[in-house]
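Below: one structure, written as structure tokens.
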């Protein structure tokens with residue numbers, strides 16, 4: 001079957017993967033309303049394309065925290081990628097590097113920071129969960145820094161794991177031949193079978209529920225890497241993140257896997273962008289499946305977007321080649337959207353290029 005868009009990989013992954021693994025990657029929390037809304041909210045944003053503009057040359061390059069990348073499409077942290085494919089995070093790192101973009105490695109990766117660094121050059125960020133044992137956290141951050149990682153994406157929306165009913169039904173646990181590689185040797189890499197979700201039990205035992213804004217400041221004392229706060233959905237928390245020294249914000253609802261009935265990330269984005277007032281870059285993570293989605297996020301003020309599920313589904317379907325294809329398809333679609341909207345560079349993508357639901361509910365000014 002010829003793959004013509006990113007979403008087609010999900011059906012292939014569903015056929016290839018064990019049910020427990022596919023459900024872990026694909027499902028959301030509780031009623032999965034936010035999971036559906038992460039996609040559907042994009043469909044309610046319409047374009048206002050401009051015409052008769054010379055679009056023979058289009059520049060998609062941008063910089064993120066000072067690092068130049070080929071396009072504003074980056075890879076989000078997704079855990080345990082070797083469940084999808086034996087190459088796991090190695091394949092993802094190589095595909096991101098080949099595409100000239102950033103990969104974010106999950107704390108809960110099935111490959112260590114050192115192993116991912118060994119795949120060759122590339123700009124890599126490290127996603128961090130804060131464990132109860134702060135020595136473990138400090139050690140892990142230093143290892144990431146030594147391995148050449150360039151930033152920390154601090155996940156702040158997971159003091160407890162959301163209620164993922166598919167994982168409870170499946171008694172989800174990491175397959176016995178895999179471990180959480182970054183915690184091997186610390187007796188923290190094992191996930192035991194439990195009466196519900198093994199991951200939920202693991203989180204309850206290890207992750208620090210006392211995490212607060214002061215810890216964002218604490219992290220800055222143990223690393224020179226800039227810190228992106230991942231999991232912000234409100235103006236209030238945006239302002240607190242900036243006050244706490246965050247170098248950037250990732251608007252994320254954890255792929256709709258934490259609190260159900262929070263807004264789609266594309267819906268929350270503009271509120272966060274307005275509160276940030278240009279003081280730090282704001283990124284979007286969640287629901288992106290098309291180049292048109294990337295354009296809409298940038299029109300609402302995002303500096304770039306992160307993709308998660310398309311990476312693990314394409315990895316499961318076709319390994320490294322699948323991820324390369326996903327990145328290329330999104331790049332091509334985004335370039336086409338820019339051309340058909342009359343934009344030749346990212347700075348030309350403005351709020352006037354789109355109409356949101358909120359705009360449509362306002363009376364039009366009379367000419």
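Note that the numbers count up from 1, one per residue, in the order the chain is shown.
Glycine is treated like the rest: Cβ placed from N, Cα and C.
These numbers come from a predicted model, not from an experiment.
According to TrEMBL, the protein carries these features:
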DOMAIN    1-359  domain 'FMN hydroxy acid dehydrogenase'
BINDING   24, 129, 164, 254, 257  glyoxylate binding site
BINDING   77-79, 106, 127, 155, 230, 252, 285-289, 308-309  FMN binding site
ACT_SITE  254  active site, proton acceptor
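With residue 127 (FMN binding site) as the anchor, the candidate binding-site residues are 24, 254, 257, and the one with the nearest CA is 254. Sorting the binding-site residues 164, 230, 254, 309 by the number of other Cβ atoms within 10 Å puts 230 first. Around the Cβ of residue 77 (FMN binding site), the number of neighbouring Cβ atoms within 10 Å comes to 27. In the shown protein chains, 21 other C-beta atoms lie within 10 A of the C-beta of residue 129 (glyoxylate binding site). Over all protein chains present, the Cβ of residue 257 (glyoxylate binding site) has 23 other Cβ atoms lying within 10 Å. Using CA atoms as reference points, the binding-site residues 230, 285, 287, 289, 309 were checked against residue 24 (glyoxylate binding site), and the closest is 309. Each residue contributes its Cα atom, and for residue 164 (glyoxylate binding site) and residue 309 (FMN binding site) these two points are 16 Å apart. In this structure the C-alpha atoms belonging to residue 254 (glyoxylate binding site) and residue 287 (FMN binding site) are separated by 10 Å.
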